[in-house]
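Look at TrEMBL and you will find Gly11, Ser12, Gly13, Lys14, Ser15, Thr16 tagged as ATP binding site.
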Amino acid sequence: MVLIGLTGGIGSGKSTVARMCAQRGWRVVDADRIARDIVEPGQPALAELAQEFGQDILQEDGSLNRKELAHRAFVDTERTQLLNSITHPRIQEETQRQFVAAREEAVDFTVYDMPLLVDNGLEGDMDFVIVVDVNPEERVRRLVEFRGLDEVDARKRINAQISDHERLAAATHVIDNNGTLKQLAERAAAVCDDIEAVSS
Ligand code: ATP
């Protein structure tokens, strides 16, 4: 199985490219989705979070109140580490489970959609690394227009991530997404074609 890391700054178009990869039959392992799934009601991580941070982090229907958890967890490094010690092992376990399942099912190409791939130094574990690249001003524009983020918040989130320069240095393939969605589809297809060709 060929394992392809897919990354890019917030709002760069990773999910859009991941959908295109799925359409051509590649398996997608979605890091953001795994992070959400492990704190769904009934999951052990959610019960542990409630035990450590208080029942008020739960909404009436038993689901996680993310805002309240953030208020309580991101107050100091000790509390942040406590949060990470509960969630990170579960995220890693589920990620590995999905990689193993893809191998067992003899999937040829698996794309790991992971915003923090380079921030977390995971690029070395991948056979290829695709970076979706968009200039920061355009990302701010898209985050405000399509996601309804406030402009200051969008800039803050971009600045909290690793620099574009560092991320691009880890790429084996770069997809320029400063153009239209049609151009993105063409460029993504060309990159996937190339990965399939060099892997065969
Ligand atoms: P996040 O980091 O928040 O998970 P992402 O990198 O997965 O974001 P997407 O959700 O794929 O990014 O794209 C962000 C928004 O920009 C979406 O609304 C998407 O439809 C839009 N978008 C992506 N590429 C283009 C493009 N070339 N032209 C116009 N809109 C685009």
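Cβ from N, Cα, C; glycine included.
Within its own chain, Gly11 (ATP binding site) has Val134, Arg139, Val140, Arg142, Leu143, Arg147, Ala154, Ile158 as residues 6 or more apart in sequence whose C-beta sits under 8 angstroms from its own. Highest local Cβ density among the binding-site residues Ser12, Ser15, Thr16 belongs to Ser12, counted as other Cβ atoms within 10 Å over all protein chains shown. Neighbouring residues of the recorded ATP site, listed in sequence order and excluding Gly11, Ser12, Gly13, Lys14, Ser15, Thr16, comprise Gly8, Val17, Val132, Asn177 (Cβ within 8 Å of the Cβ centroid). Around Gly13 (ATP binding site), the C-beta neighbours below 8 angstroms that are at least 6 residues distant in the chain are Val132, Val134, Ile175, Asn177, Leu184. Within its own chain, Lys14 (ATP binding site) has Leu6, Thr7, Gly8, Asp113, Pro115, Val132 as residues 6 or more apart in sequence whose C-beta sits under 8 angstroms from its own. DSSP gives Thr16 (ATP binding site) a helix state.
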